[in-house]
Amino acid sequence: MGAAALVLSFAQSGPLFAAGGSDIAANGTAGGAPACASCHGQSGEGQPEGPFPRLAGINATYLASQLQDFADGKRQSDIMGSIAQSLTEEEIAAVAKYYAEKSAPKANEPTPLDPAVVSAGGKLAMRGDWSRGLPGCSQCHGPGGAGVGSTFPKLSGQSMEYIAGQLRAWQDKQRTNDPLDLMAGVASKLDDAEVQAVASYYASLPVEQAPPSQSSEGKQ
């Protein structure tokens, strides 16, 4: 079953699966998955000092698809691979829906972001550099990094270290699970300073409230 259909199916079950998602996040599962909160924070705010991204407010279908990709080996992670494999389809749908509908305060970056680096990253994110065939990030991820649909995730308020790490993973072909290999092409045009700048820009943005429901958006 695809991620979108999976989320839609179990979203219709209402409070039962919302409670299930909350329980998985706080306590883990009988199948051996640890509590999501142990790495991703009590409210899904993430850990900026490590490789643990913010989950609160991220599109449900996107989260479910990433968990499924971890389970199937389409997205590599020594940590998440075995965890995702221990989750049932019902549990994936439930925990994705839970985090999609959750709001959480922004986690503090371990080191203050450099305003000049943030400014440079903002220019690239909004305008790109067409002399190099580099589109602005906002063309896919939306104004202010709010995300678009279930394919292009929300970036605003995500940690600098996580965003930079994912851009490097696409550069190194360690991550390949994006539609039409779009991100590999974009990331390959960025140098180290630009990776840091774009990541710093999105990390500097405020976190907005999650919309009431995101589970019914179709994946592009």
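Cβ coordinates come from backbone N, Cα and C, glycine included.
Taken verbatim from TrEMBL:
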type: SIGNAL; residues: 1-18; note: signal peptide
type: DOMAIN; residues: 16-103; note: domain 'Cytochrome c'
type: BINDING; residues: Cys36, Cys39, His40, Met80; note: heme c 1 binding site
type: DOMAIN; residues: 116-206; note: domain 'Cytochrome c'
type: BINDING; residues: Cys137, Cys140, His141, Met183; note: heme c 2 binding site
Between any two of Cys137, Cys140, His141, Met183, the residues recorded as binding heme c 2, what is the biggest Cα to Cα distance in Å?
11
Write down the Cα-Cα distance for His141 (heme c 2 binding site) and Cys36 (heme c 1 binding site), rounded and given in Å.
25
State the three-class DSSP label for Cys137 (heme c 2 binding site), counting H, G and I as helix, E and B as strand, and everything else as coil.
coil
Could you give the number of helix, strand and coil residues in the domain 'Cytochrome c' (116-206) as assigned by DSSP?
56 helix, 5 strand, 30 coil
Can you give me the residues near the recorded heme c 2 site, meaning same chain, not Cys137, Cys140, His141, Met183 themselves, Cβ no more than 8 Å from the center of the site's Cβ atoms?
Pro135, Ser138, Gln139, Phe152, Leu155, Leu182, Val186
Given the binding-site residues Cys137, Cys140, which one is most crowded in terms of C-beta atoms within 10 angstroms?
Cys137
Distance check, please: Cα of Met183 (heme c 2 binding site) against Cα of His40 (heme c 1 binding site), rounded to an integer number of angstrom.
24
Between the Cα atoms of His141 (heme c 2 binding site) and His40 (heme c 1 binding site), what distance do you get, rounded to the nearest Å?
22
For heme c 1, what surrounds Cys36, Cys39, His40, Met80 with a Cβ no more than 8 Å from their Cβ centroid?
Pro34, Ala37, Ser38, Phe52, Leu55, Ile79, Ile83
